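Record features (TrEMBL):
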- 6-21: transmembrane segment (TRANSMEM)
- 28-46: transmembrane segment (TRANSMEM)
- 66-85: transmembrane segment (TRANSMEM)
- 92-108: transmembrane segment (TRANSMEM)
- 111-380: domain 'NADH:quinone oxidoreductase/Mrp antiporter transmembrane' (DOMAIN)
- 145-167: transmembrane segment (TRANSMEM)
- 182-200: transmembrane segment (TRANSMEM)
- 212-234: transmembrane segment (TRANSMEM)
- 265-283: transmembrane segment (TRANSMEM)
- 295-315: transmembrane segment (TRANSMEM)
- 327-352: transmembrane segment (TRANSMEM)
- 411-438: transmembrane segment (TRANSMEM)
- 458-475: transmembrane segment (TRANSMEM)
Amino acid sequence: MINVIPPGLIFIAGAFIVPLLRGKVKSIYLLLLPVISFVNLIYISKGTHGTINFLDHQIIFCNIDRLSLVFGYIFHIIAFIKILYGIHVKNDIEYIACLFYAGCAIGVTFSGDLISLFCFWEMMTIGSVFIIWARKTRKSIEAGFRYILVHFFGGVILLVGIILYIYENGSIEFGYIGLDGLGSYFIFFGFGVNCAWPFIHSWLTDAYPEATIVGTVFLSAFTTKTAVYVLARSFPGTEALIWIGTVMAAFPIFYAIIENDLRRVLSYSLISHVGFMVVGIGIGTEFSLNGATAYAFAHILYKSLLFMTMGAILHQTGRINATDLGGLYKAMPLTCIFCIVGAASLSAFPLFSGFVCESLVMSAVAKSHMSGIWLTLLIASTGGFISTGIKIPYFAFFSQDSGIRTKEAPLNMLIAMGIAAALCIFIGSFPATLYSILPFPVDYVPYTMSHVISQLQLLMFSALAFTLLYLSAIYPSEIRQSISMLTGFIEKELKDSSGFWKIHWPGLVIRLEPQFFQPFPNLVYGLARTRLWLWSWLATI
């Protein structure tokens, strides 16, 4: 029976009250909603709550344990920060979509069965696509359709897996699944779509930068992190995740270096950092799972902070490309400071959150004697510092003077960024606070002399390498258009077909541009091609 209010439902139901409110009442309501849900969560005891009998099974809307609580806590915290960041927005549809999306992500986190998880999973897709469409530009509409096409495909894969899994095991309980049976492989891949695994990652870098300023900040926190959560619960110790995560951590670095759109740079960086979490899950020890969970917690904060600073720049200047910015540190000093805090956290500087969380994963890899994986992750970490940790603040606030004269970001944006920055510093300075809420007991001291010195040396030489490459003009120039990295086969096929695949919809033509196919293998490309007729047929109904 339903004896508690599942936290996600507070967001979902509360979203539809927003259009009924006006002015300060609406602002107060929006800020109180995550607070009320968080207080409700605190008072729910650990265990199974909110159950409904369905056929011969039990639907569980609220399954509380230490793993779900960590993600539940950070989802509530970041929801409050992001609502405050966007409190000036006048678009009710955007508010509804953001709250609905956040609520569904929280619903996934506390689902105790595969059926309720799938429902929240698909509802999350619906909420997120409306966030993308809320920008109301041609690019955002097209990106939204591409986004929903990929995620509904992933949803179908997940549904097939769930049906097969129930048939094979006779249970809908959501817990450890492992790669044991055909259904589990489908579920595994379905989760991987939302996790932005290699070759199925383009939806993220395609859609996130096209969303609204506030929408992109929301999107950066929930979709991939819910995927990390479900993988940690259902596939810990799956060796394939180690290799998948390693590739995820490494390959986006090269794209981020030459990308011009700074929000897209952060999107590539997001994939890279999720790769570290996936590796931790794949190792499957208590220590590595703690590392993956702590990494997710910290990453949500500092990556959201960086997206907020870039959103503030876009809000004030109307520009976001690295080649169009520079010299903003005088006009936007507070935003500059917050960006540096986020970049320092991302780069794992001592006394910042990334340092005390990334080191957990790296130590777990080292303890597992995976020297090749450890070295690859170390290179990825260094590359992330160069491609994002230095690039974002340097090209946005320093570099050459772009001639832009503007004002500091609105007060609500500054307060939201300030809270996120303070939390990044607090976690980095007092890691025991975060360690105490992780799924398993933590016996780890990040601040040892050797660890701090080695990390500072790594960062110093990386910064020196960036400086020398940049001054010698060897550092790659930013590509002024969106990156298009295709296999020769796909590029040839697209050119032979007038450059684009087109999806016709009433009053709209959606162009599947070359970037969207990067770098899909021929099989996936063929599947996408053969299904385009369906959309044309639907347009005639």
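Here, residue 1 is simply the first one shown, and the rest follow in order.
Glycine is treated like the rest: Cβ placed from N, Cα and C.
If you look at the transmembrane segment (265-283) against the transmembrane segment (6-21), you find fewer than three C-beta pairs under 8 angstroms, all six or more positions apart, and that falls short of contact. With Cβ pairs under 8 Å as the measure, the transmembrane segment (212-234) is packed most heavily against 295-315, out of 66-85, 145-167, 295-315, 411-438. Here the transmembrane segment (295-315) has Cβ contacts under 8 Å with residues 70-71, 73-75, 77-78, 81-82, 85, 213-214, 216-217, 220-221, 225, 228-229, 262-263, 266, 269-270, 273-274, 276-277, 280, 325, 328, 332, 335, 338-339, 341-343, 345-346, 352-354, 356-358, 360-361, 388, 392, 396, 409-410, 413, 416-417, 420-421, 423-424, 427, 434 of the same chain, all six or more residues outside its ends.
Residues 6-12, 14-16, 18-19, 30, 33-34, 37, 61, 72, 75-76, 79, 82-83, 86, 116-117, 119-121, 123-124, 126-128, 130-131, 134, 212, 214-215, 218-219, 222-223, 225-226, 229-230 of the same chain, all 6+ positions outside the transmembrane segment (92-108), place their C-beta atoms under 8 angstroms from a C-beta of that stretch. The stretches the transmembrane segment (411-438) and the transmembrane segment (66-85) are in mutual contact, each linked to the other by at least three Cβ pairs under 8 Å (pairs 6 or more apart in sequence).
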